[in-house]
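Lifted from Swiss-Prot, the feature list:
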type : residues : note
SITE : Arg20    : site 'Transition state stabilizer'
SITE : Lys27    : site 'Transition state stabilizer'
SITE : Arg157   : site 'Positions MEP for the nucleophilic attack'
SITE : Lys211   : site 'Positions MEP for the nucleophilic attack'
Amino acid sequence: MAGGTQGVAAIVPAAGSGQRLAAGVPKAFYQLEGQTLVERAVRGLLESGVVDTVVVAVPPDRTDEAKLILGREATIVAGGADRTESVSRALSALSAGVSPEFVLVHDAARALTPPALVVRLVDMLRAGHAAVVPVLPLTDTIKAVDANGVVLGTPERAGLRAVQTPQGFSTELLLRAYRHAGVAAFTDDASLVEHVGGQVHVVAGDPLAFKITNRLDLLLAHAVVRG
């Protein structure tokens, strides 16, 4: 990216198949009470008032459909074979314009994330933190288990958090993390940043930012939207 920095961009990797959801379409294109999950995710970002640009990575055979659905609300790119490649392609698409100061990465499956959470995240970035993720405290007891199903121990729950999205980063730090990603498997972008020595801070998450992964999640999402 070149040409100075400006504003906040958001990337929405939405190229997954959604096999666990078993909805018959890629998960991001599932219709939740009249709007696809990706529409809801993008509009939640924009309604925050702190996101200037959105880039969405979708399955290559769904780019035309995504452009029709999202119109001028987002730039559409063909996603890659996995989440990391999809985000990398979206980062490349951002290089066509003025480099944003910050980049948020948000799961389309967290379609009901409140705009207020996005605002809290960006406020933390603007306060000087280069990497910020929303989290919730755990309510279940967690067990460490080996490959044979034997419990190895019980981590202290007070120091553990469940991580949500959007996750926010300075553009420079996120680009550096992706340049050094290699072939290792990372489940979120904060993990890549940790891999290159970045310090990640947390901000209060929101129960509505839950990830829609299975049929039970869908039932909850429909109930929330219906009120």
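In case you wondered, yes, glycine gets a Cβ from its N, Cα and C as well.
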Of Lys27, Lys211, the recorded sites given in the record, which has the fewest other CB atoms within 10 A of its CB? Lys211
Whole-number Å value for how far Lys27 (site 'Transition state stabilizer') lies from Arg157 (site 'Positions MEP for the nucleophilic attack') (Cα to Cα): 31
Lys27 (site 'Transition state stabilizer') versus Lys211 (site 'Positions MEP for the nucleophilic attack') - Cα distance in angstrom: 11
Within 10 Å of the Cβ of Arg157 (site 'Positions MEP for the nucleophilic attack'), how many other Cβ atoms can you find? Include all protein chains, please. 13
